[in-house]
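According to TrEMBL, the active site annotation covers Ser887, Lys930. The coiled coil annotation in TrEMBL covers 324-360. As annotated by TrEMBL, domain 'Lon N-terminal' applies to 107-338. Annotation source TrEMBL lists domain 'Lon proteolytic' at 790-981. Residues or ranges marked as region 'Disordered' by TrEMBL: 44-96, 660-690, 736-755.
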Amino acid sequence: MSRISLGLVKALRSQSLQARSTWQLRQDALPALLQTRRFFGWSSNSGDDGKKGDVPESTGTSESSTDERQSGRKSKRTSAAAQEGAIVPVKQDGHLRKDSSGFEPVCMALPLFGRPLFPWHNQLIQITSPKIAKEILSLTENSKKMTHIGFFLRKSMPNELPKEGEEEDLLPSAKLEDMSGEDPMEVLHNVGTIGRVAQAVPVWSPKDGEVVAVQMLVQGAGVVRLEKVLNKGPPLQVQIAQITPEEWDGKDEMVRATMNETILTVQEIMKVSSSFREHAQYVNQSLQQRNARVQPDAVAHLAASLTTAEGAELQQVLDATNPLDKLRLALELLKKELEVAKLQQKISNQIEEKMSKNQREFMLREQLKSIKKELGIDKDDGSETILQKFKERLEGKEVPKEAKEAIDTEFEKFANLAKESQEYQMTRNYLDWLSSMPWSVYSKDTFDLKKAREILDRDHYGLADIKDRIREFIAVGVLRGSMQGKILCFVGPPGVGKTSIGKSIAEALGREFYRFSVGGLYDVAEIKGHRRTYVGAMPGKIIQCLKKVQTSNPLVLIDEVDKIGRGHHGDPSSALLELLDPSQNSAFMDHYLDVAVDCSNILFVCTANVLDTIPGPLLDRMEVIRLTGYDLQEKMKIAEQYLVPNAMVEVGLKQKKAEVAEEVEKSEDAKPQEPEPEPEVKAEPKQLKPEVKAEIETGAIESLIRWYCREAGVRNLQKHIERICRKLATKVVEKWEDKSQGTSSKDTDATGDAIDPSKSEVIELRVDEASLSEYVGKPVFTSDRLYEGQLPSGTVTGLAWTAMGGSVLYIEATALARRRSDPDKPATAPPMLAVTGQLGNVMKESSQIALLVARRQLQARGKDGFFEEHELFLHCPEGATPKDGPSAGVTMTTALLSLAMKKPIPTDLAMTGEVSLNGKVLAVGGIKEKTIAARRAGCKTLIFPEANRRDFDELPKYLQDGLNVHFATHFDEVFDVAFKEAEEAANAA
């Protein structure tokens, strides 16, 4: 093998067998190609002899001219080395350079991907199909003639490339080179190039030594047309026809002008683009001096080969037969290439100019420092140190353009301020805030639903709606790849865990947590910050939050948003509109910073007890999640799993699991050491802490919830449990002290140490239902029912929602006969109803509507006249407690009818609902709390509005079990249930 082959093999073996572009292959094999060029005598310099450096003008071929060219190549090998890296076209004589057999119409054909092969152009082509590679090697080794192959560009690539084969195919392109499964006439362009294989280098498999690929150096010889497919192979055998370009007589000025413009464009590319400079130099030198003798198709082909255009555009140049059309297509591609090259040069110049400017500024500043130091005017006021500290903070942060301009301006201003200046401290504080902001710094979000659920369940029991919403938030983030900020509002009674769950949500999401309360806030500056003109000015709460957490996507809990104030300093609720509006908070403007801050990635969580006091525009920007109170079962679980263990740890009755494990680990790692002899000194007896076993029984917790803590939340329950634990701790210490004093009077042993105190004592304490009053006093609630036995006529059990969560509300009605002057005449005065019990306006109106509905019910049943003949009184017990709301309308109507008909209502029947003038039963709220209150009072039969059926169906199963619930749309249905139950109860009695 010649040294050329060895060079190519070495170059090709060093390359991984991957699909590479033509330009990459050309650059990778450049050293080997230079050796090939020198071996064949190709020159990159035109020199003095046009026959040895340019494309000849003559169309004929003779042996003498061939000998001259060969001798010229040998004599110019040294000059060829002067232009290294240039890939030059094959010298031609106007037509295909025929071998001894002339043009062959039958040849092997190969598909090209990406770019076509042009005549008078050298190209490295890689074949990765083993079958085709072996066939090519066989032809090049056995054939005495120059091997010719037709190269045709593939029209389009498949959407999905075939996967790499496990056995014989080294690359996915190997299957694309095999045309046996496709129609070559449809897949390939009809116009291609016949090329000579100048050099073929095999690539062997490292496993079995078989040939798996071949890389060829191909010389384009002429343009051919695909006529017929003879054999699909592989390899593909086709019949081709030679395409002769239209002759140019040199008189067409348009063609000449286009050729000149093409050469000028190539010269411009030489000036601005270094990538194609060597190739452009060759075209310029070889064509400019012999412009009159060069054919237009040669100029067009060479010009097109210089560009990086798409394959389809290059194929158009190859397809064109008219000289002018071919030149115009090539010139168009060159112009596009020129524009791209100019744009690249512009970008490069901008980058270099910026780097030069920064370097020049750095050098000047360093010189200025040296000059000040030499002149003794360099004040050691620490300004440079402070500026350096601020700049170090900003390193690695992507500061927005607006903030960057403000920071740079303040840097220049601060550098020239004297320490005694009034603005020195103001500018320093301002730069301190600007540099401390977490510009484009984000914490990594957690995309694990299971882990988030475990964290939320670990710290809080229940709250299913909030937990599901957080899991939805994480799921959306998983699909999007990032989490966006949201504004959530938790609304519910006090003590249900609205504030405490905020920190658990932040931990579940992997975000930093920050909380601030706006209850009683009246100054807008607390939200938007102060102007820097004021003494002691500071940014608002949200900017303080970002500085503290050092991330741009924390979880911010805004507590007590329903209790926000309003004063002469502005309306803070209006200031929150910009902060909590997703369409505005991406450019939140704080008065102090005075630059836009992106708050769109912050997760805002607001808490409130009621929605009535929240302004409408602010409420519209929040996603409201309502939290109801806890029932008995939920409070039991919370007390057993959270409140009691935490309270035991707080008072020292128990240790945390982590502390216990740490103590055990220390005891295991501790090694006994030999005691050193010490002088005999009588020491105080060492007393160990007693082992405490304290327990609050389940019955005691249930009684505590039922008779002491009926509120919707668990805050009051937590206080009572902590009170019990403190009393238990007091008893433990008292017993310990009593035992210690009792053992101190005993005799000591020979060493003088006390015997009993050195032993750990076990103190057991238990709180049961009977002893509960010793720890928390007498029960606050003595009974769930006002009436233990049969209800009198006119008394009905109603259900109401309160801040305690839910309670039984009795409605009592009674009547006195009116005094009439003539007892024989019927009463004509309208009925009068007096209501008591500190009722609100809504309940007073409900009583009037209830009276009207009750009169109509009696008229419909032929029992009219009772209400006109009696003075009516309606009362709601516990008169010191204010009451209001529309849900007692059904209960009042039933009480008046029970009084008029003298039929008592069953004790275990409770109802709620609003009634209209026409007797419609309307929906009410608080179904869960009212159901809990009914179960606590022992009411088994309930009447709810039909519109609340869905609310009842959503209740847990244990709340629905054992209840007979009736849903009514009209009061007639309520009448049937209430008085039918009354008749059945009377008959049973």
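From the backbone N, Cα and C atoms, a Cβ is placed for every residue, glycine too.
Residue density at Ser887 (active site): 26 other Cβ atoms are found within 10 A of its Cβ, drawing on all protein chains shown. Panel annotation: around the coiled coil (324-360), residues 245, 252, 254-255, 258-259, 261-262, 265-266, 268-269, 272-273, 276, 296-297, 299-301, 303-304, 306-309, 313-314, 316-317 of the same chain, lying at least six beyond its termini, place a Cβ under 8 Å from a Cβ of the stretch. On a Cα basis, Lys930 (active site) lies 11 Å away from Ser887 (active site). Cβ contacts within 10 Å of Lys930 (active site), excluding its own Cβ and spanning all protein chains shown: 29. Mean predicted confidence for the domain 'Lon proteolytic' (790-981): the pLDDT average there is 88.
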